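Scroll down for the structure; my scribbles are underneath it.
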Amino acid sequence: MKPVRETPAVLGKEEEVDIEAVAGLRGDDCGVNSQDPAWKRFLRHIGPGFMVSLAYLDPGNLETDLQAGANHRYELLWVILIGLIFALIIQSLSANLGVVTGRHLAELCKSEYPVWVKICLWLLAEVAVIAADIPEVIGTAFAFNLLFNIPVWIGVLIAGSSTLLLLGLQRYGVRKLEFLVALLVFVMAACFFVEMSIVKPPAKEVLKGLFIPRLNGSSATADAIALLGALVMPHNLFLHSALVLSRDTPASVRGMNDACRFFLFESGIALFVALLVNIAIISVSGTVCNAGNLSPENAAKCGDLTLDSSSFLLKNVLGRSSAIVYGVALLASGQSSSITGTYAGQYIMQGFLDIKMKKWVRNLMTRSIAIVPSLVVSIIGGSSGAGRLIIIASMILSFELPFALIPLLKFSSSRNKMGQSNNSIYIVGFSWTLGFIIIGINVYFLSSKLIGWILHNSLPTYANVLVGVTLFPLMLLYVASVIYLTFRKDTVKFMSRREQEDMDNTEKAKVANKDGSEDDRVVQSN
């Protein structure tokens, strides 16, 4: 298929955008024929939602799910349900932004903000990709350790190389890679459903936990915030707005409305699968760790459950076959999430800096940066050190979320960016309220972790005072940055794809009328 090119107008200037370069090399036809039945057009839009759903099934989420189940059984399932409903709304805004503007979030940030803001946002986005990649690399290494008894540090190296091999599929088309990721999602889902069928959690208690909000116990609030904080990831917002560009959406009103609706349905299906998998993980952990015949050794492990210790716990309690199933699920989670993280890194670099590298070079660079800290920590600190690195990575992602979410909310609500397709006042109000709830939860999660560390570490008093004095101005700078992004006036105006097509059609009509008038004058003169 030939590359699709568009020329959206920015402040009266025309800038050519190669959508094929944005969407990735395509070896297949993703074109949409408006004359096809709705179900066939919907099938052509399946793919991006399943790729972004991996952020809600990555090893970092697995760890928080396991801890929530071990500490509170099924009482926090409602948090997962609400969190994924929130995620569906946020991801739909990201998809709509790409469909309507023909650009993804990183490109819009580059065009909108001053150079120093653009550079800061780019660096923060790259750090977010690396922070999201670390749990995936470590989770894959833990899976290799469980399945093949390979040391964790060697598993880290294998995780990096295997992901690069899988990413080689993108040369055959983005839909091939999407199919692989969707397959890994269903493999992981099947594995945890098998686990759940073995432990047989009480259905009544699971449903009660899913629909009746409760926060019992001193740590319930903190665990609920950790669950929500691990769901919405910054790089996912950049990724979704870019992946939808791999479909040739007509610039007509009907074409864009259909695309937005199809992407919403597809994301809903993918996130529903993610919800079921998260329910299965919490149910397995909650049932096993609260069993009456649990040994004191395994009860101690349940008190501080991590990806590494949980695998041995399941092996001891459920037998070797269940441990293998868990290892396969963890492997699928780590590998598929690593693919989407590296893919997001490509779009971020291309969007912010307009750097066109060979894909394998970009992949190698992103993967290497994530592997280095994972490798060093796993060699020095072993499995426990690698597990603590996952917690640090989750805190970094919580810190970074506003710097992707606020631009998304502003651009998706802006008439300058979305034209006549901008959100209604009700959606604007609801999405901003939702956005600040998510940001508040993440800031609280980050602050509580930092304060808890300062209060309970073994450093001398003067060192804690020095840390506090250093962190206080940084926190003020953080708050000032969030306020700046929130209240900064939207200045750069784009023509939406629909407005661009209307203008092109008007120009064509003028040219046709002019040509027709000239022909009439020639006939009359003759």
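Cβ atoms here come from the backbone N, Cα and C positions, even for glycine.
Bear in mind that TrEMBL entries carry predicted annotations, made automatically and left uncurated.
These features come from TrEMBL:
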- 76-101: transmembrane segment (TRANSMEM)
- 113-134: transmembrane segment (TRANSMEM)
- 146-167: transmembrane segment (TRANSMEM)
- 179-199: transmembrane segment (TRANSMEM)
- 219-239: transmembrane segment (TRANSMEM)
- 260-284: transmembrane segment (TRANSMEM)
- 323-344: transmembrane segment (TRANSMEM)
- 364-383: transmembrane segment (TRANSMEM)
- 389-411: transmembrane segment (TRANSMEM)
- 423-445: transmembrane segment (TRANSMEM)
- 465-487: transmembrane segment (TRANSMEM)
- 501-526: region 'Disordered' (REGION)
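Panel annotation: around the transmembrane segment (179-199), residues 46-47, 50-51, 53-54, 57, 166, 169, 270, 273-274, 276-277, 280-281, 283-284, 287-288, 314, 318, 322, 325-326, 328-329, 332-333, 335-336, 339-340 of the same chain, lying at least six beyond its termini, place a Cβ under 8 Å from a Cβ of the stretch.
The largest share of C-beta pairs under 8 angstroms with the transmembrane segment (323-344) comes from 113-134, of the ranges 113-134, 423-445, 465-487. Counting same-chain residues at least six beyond the ends of the transmembrane segment (423-445), those with a Cβ under 8 angstroms from any Cβ of the stretch are 86, 89-90, 93, 225-226, 228-229, 232, 395, 398-399, 401-402, 405-406, 409, 412-413, 482. Just going by CB pairs under 8 A, the stretch in 76-101, 219-239, 260-284 that sits most against the transmembrane segment (113-134) is 219-239.
Outside the transmembrane segment (260-284) by six or more residues, the chain places 41-42, 45-50, 52-53, 56-57, 61-62, 65-66, 68-69, 74, 76-77, 80-81, 84, 87-88, 91-92, 95-96, 99-100, 185-186, 188-189, 192-193, 195-196, 199, 201, 206, 210, 240, 244, 314 with a CB less than 8 A from a CB of the stretch. With a cut-off of 8 Å between Cβ atoms, the residues of this chain six or more beyond the transmembrane segment (76-101) that come close are 8, 48-49, 52, 56, 65, 68, 108, 206, 209-214, 220, 223-224, 227-228, 231-232, 236-237, 240-245, 249, 256, 259-260, 263-264, 267-268, 271, 274-275, 278-279, 282-283, 405, 408-409, 411-412, 417-419, 421, 423, 430-431, 434-435, 437-438, 494, 496-498.
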